[in-house]
Amino acid sequence: MENDVKVDEKVEEADRLLPPHFLPSNSDDEESEAAFDAIDKIVIVDFESADDPSAAAPPFSWRKLWLFTGPGFLMSIAFLDPGNLEGDLQAGAIAGYSLLWLLMWATAMGLLIQMLSARVGVATGRHLAELCRDEYPTWARYVLWSMAEIALIGADIQEVIGSAIAIQILSRGVLPLWAGVVITASDCFLFLFLENYGVRKLEAMFAVLIATMGLSFAWMFGETKPSGKELMIGILLPRLSSKTIRQAVGVVGCVIMPHNVFLHSALVQSRQIDPKRKSRVQEALNYYLIESSVALFISFMINLFVTTVFAKGFYGTEKANNIGLVNAGQYLQEKFGGGLLPILYIWGIGLLAAGQSSTITGTYAGQFIMGGFLNLRLKKWMRAVITRSCAIVPTMIVAIVFNTSEASLDVLNEWLNVLQSVQIPFALLPLLTLVSKEEVMGDFKIGPVLQRIAWTVAALVMIINGYLLLDFFVSEVNGFMFGVTVCVWTTAYVAFIVYLISHSNFFSSPWSSSSIELPKRVTVSDS
C-alpha cells in the first residue's frame with residue numbers, strides 16, 4: 001500500500017514537470033489535431049521499468065536509436081533541395097573552395113534551429129503551427145499562416161521545376177518542362193500513398209532517395225577529382241572577399257527553410273513515448289540530436305561534393321557567372337564528358353532524387369501548416385490535394401512561360417530565393433518565443449545561455465538575408481511606383497517583425513541581468 005502511494009506521488013510530480021497540454025487527452029478535439037494518428041506512431045517503451053515514472057533513462061541503445069531514426073533524415077532533405085544545389089554550384093563556380101567553411105558552419109546553425117523545433121514537438125506533443133494558433137491573436141496568426149504558405153509555395157516551385165529539369169535531362173529533351181511538372185506532381189501523390197503502409201515505409205523511401213543523391217554526387221566528385229588540399233583549406237580557413245559576398249549570403253540563406261522549421265516539430269511526433277516520464281522525453285531529445293546530427297552531416301557532405309565539383313570545373317572561367325540549374329548538366333558534360341555513365345546523366349539522377357524528395361516533404365509540411373494554423377478537420381489526403389494544387393498551378397504557369405528561356409528561369413530562381421529569405425523571421429521568431437516559455441515547455445524550456453546563442457544565430461541569419469534583400473532590390477527595383485510599393489511593403493514587414501520580437505519579451509529575457517534563473521523549488525505533498 002505504501003509503495004502504491006509513493007508511485008502515485010511520483011506520477012503527480014512527473015505531471016508537474018510537463019506543461020498541461022503535453023499530457024494525453026482522450027478528447028476528439030485533441031485527437032483530430034494530432035500530427036500522426038495513434039495507430040501510425042512507432043511505440044517506444046521500456047518494459048522493464050514501465051511501472052516506475054521516476055526511473056532514470058536507460059543507457060544508450062543502438063536498437064532504440066534505430067527506432068528514433070527517420071524524422072531527422074526527412075528534415076535534412078530541405079538542405080538538399082534543388083534551390084540548395086543551385087546555391088552550391090554557383091558558390092563553387094564563382095568562389096571556388098573558399099566558402100566551404102561557411103557551408104559547414106551554416107549547417108551547424110541549421111542543426112541548432114532544427115533541434116529547437118524538435119524540442120518543441122517532443123516536449124509539448126504539438127507542432128509549431130498548432131502552438132502559434134494559441135500563442136498569437138487572430139490577426140497575427142493569419143499573417144503568420146499566409147507567410148508560411150507563401151514560403152512553401154515558393155519553395156515548391158523551385159523543387160518541382162528542379163525535378164522537371166532533371167526529367168528533361170534524363171529524357172534527352174523529349175519531355176518538355178511542363179511535362180516534367182505533371183510527372184512530378186503525380187509522383188508525389190504516388191509516394192504519399194506509401195504512408196498508408198506505415199511511417200517506416202515512407203522513411204525508407206526517403207532513405208533511398210538520399211542514398212541516390214549521395215551516390216550520384218559522390219560519383220561526380222570521384223570523376224572530377226577536386227583538389228583535396230584546397231578542400232581542406234576551404235573548410236578550415238575562413239575566407240571572404242567582396243566578390244563572393246553574394247554567394248556567401250546565398251549559402252547561409254539556403255540552409256534554414258521556413259517550412260522546414262514547422263515540419264520537424266511535427267515529424268518527431270511519429271514516435272510514441274510516455275509523456276508522464278521526464279526521463280523518457282529527455283531520452284527522445286537525446287536520440288533525435290544524434291539522428292539529426294548524422295543526417296545533417298550527410299547533407300553537408302553532399303553539398304560539399306556539389307560545391308567542389310563546380311569549383312574544380314568552372315572557378316575562374318568565363319562560364320562561372322552564367323551557370324544555373326538549367327545549364328549546369330550540359331556544362332559538366334562539355335567539361336568532363338563521361339566514362340561508363342556520362343556525367344550529365346549522373347547529375348540528372350541526383351537532381352531528380354533531390355527534386356522528388358523535397359516536393360514530398362513540402363507537401364507534408366503544407367498539411368501540418370494548414371491544419372495547425374487553421375485548425376481544419378480535413379483528412380490528410382484532402383489537405384495534401386489543396387496544398388499541392390496551390391503550388392502546381394503557379395508552377396505549371398512558370399514551366400510554360402519560361403520553358404524556352406534558361407536565363408529567365410535563373411532570374412526567377414533568384415526571386416524565389418529572395419522570397420524564402422523574406423519569410424525566415426516568421427518561422428524563427430515564433431519558434432524562439434515558444435521554446436523559451438515555461439508555460440509552453442515546462443521543464444524543457446531552453447536556458448539563458450542557449451537562448452542567447454539561439455537569438456544570436458537568428459539575428460545573424462536575418463541580418464545576412466537582409467543584406468541579400470537590400471542588394472537584390474537595389475539592383476532590380478526600378479521605377480517610382482514600384483519603388484513606393486516596395487517601401488510600403490518593407491515598412492509593414494519590418495513593423496510585423498518588431499511586433500514578433502516584442503511579443504517574445506526579447507528585451508527583458510534572456511539578456512537582462514534580472515532574467516538569471518534561480519533554482520526551482522518543487523513542492524511535494526506529505527500526504
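Glycine is no exception: its Cβ is also placed from the backbone N, Cα and C atoms.
Distant neighbours of the transmembrane segment (100-122): 35, 71-72, 75, 79, 88, 91, 128, 131, 231, 234-240, 248, 251-252, 255-256, 260-262, 264-269, 273, 281, 284-285, 288-289, 292-293, 296, 299-300, 303-304, 307-308, 428, 431-432, 434-435, 440-441, 444, 446, 453-454, 457-458, 460-461; these residues of the same chain sit at least 6 beyond its ends, with a Cβ under 8 Å from one of its Cβ atoms. As annotated by TrEMBL, transmembrane segment applies to 100-122 (among others).
Among the features that TrEMBL reports, transmembrane segment is placed at 175-194 (among others).
Annotation comment: TrEMBL describes 206-222 (among others) as transmembrane segment.
Taken from TrEMBL, the feature transmembrane segment applies to 248-267 (among others). Only residues 6 or more beyond the boundaries of the transmembrane segment (248-267), in the same chain, are considered here, and those with a CB under 8 A from a CB of the stretch are 35-36, 70-72, 74-75, 78-79, 81, 83-84, 87-88, 90-91, 95, 99, 102-103, 106-107, 109-110, 113-114, 117-118, 120-121, 127-129, 147-148, 151-152, 155, 240, 361-362, 364-366, 368-369, 372, 417, 420-421, 423-424, 426-428, 431, 461, 464-465, 467-468, 471.
Sequence-remote contacts of a segment are chain residues at least 6 beyond its ends whose Cβ falls under 8 Å from one of its Cβ atoms, and for the transmembrane segment (288-311) they are 65, 68-73, 75-76, 79-80, 84-85, 88-93, 95-97, 99-100, 103-104, 107, 110-111, 114-115, 118, 122, 210, 213-214, 217-218, 220-221, 224, 226, 230-231, 268, 323, 328, 332. Marked as transmembrane segment by TrEMBL: 288-311 (among others).
Annotation source TrEMBL lists transmembrane segment at 344-365 (among others). Away from its own ends, the transmembrane segment (344-365) comes close to residues 74-75, 77-78, 80-82, 85, 152, 155-156, 159-160, 162-167, 169-170, 184, 187-188, 191-192, 206, 209-210, 212-213, 216-217, 219-220, 223, 259-260, 262-263, 267, 325, 328-330, 332-333, 338, 384, 387-388, 391 of its chain (Cβ-Cβ under 8 Å, at least six residues beyond either end).
Annotation source TrEMBL lists transmembrane segment at 385-403 (among others).
The feature transmembrane segment is assigned by TrEMBL to 453-474 (among others).
For 480-501 (among others), the entry in TrEMBL reads transmembrane segment.
Panel annotation: around the transmembrane segment (453-474), residues 109, 112-113, 116, 245-246, 249-250, 252-253, 256, 414, 417-418, 421-422, 424-425, 428-429, 432, 435, 446, 486, 497, 506, 510 of the same chain, lying at least six beyond its termini, place a Cβ under 8 Å from a Cβ of the stretch. Same-chain neighbours of the transmembrane segment (206-222): 73-74, 76-77, 80, 298, 301-302, 305-306, 308-309, 332, 341, 343, 346-347, 349-350, 353-354, 356-357, 360-361, counting only residues six or more beyond its ends whose CB sits under 8 Å from a CB of the stretch.
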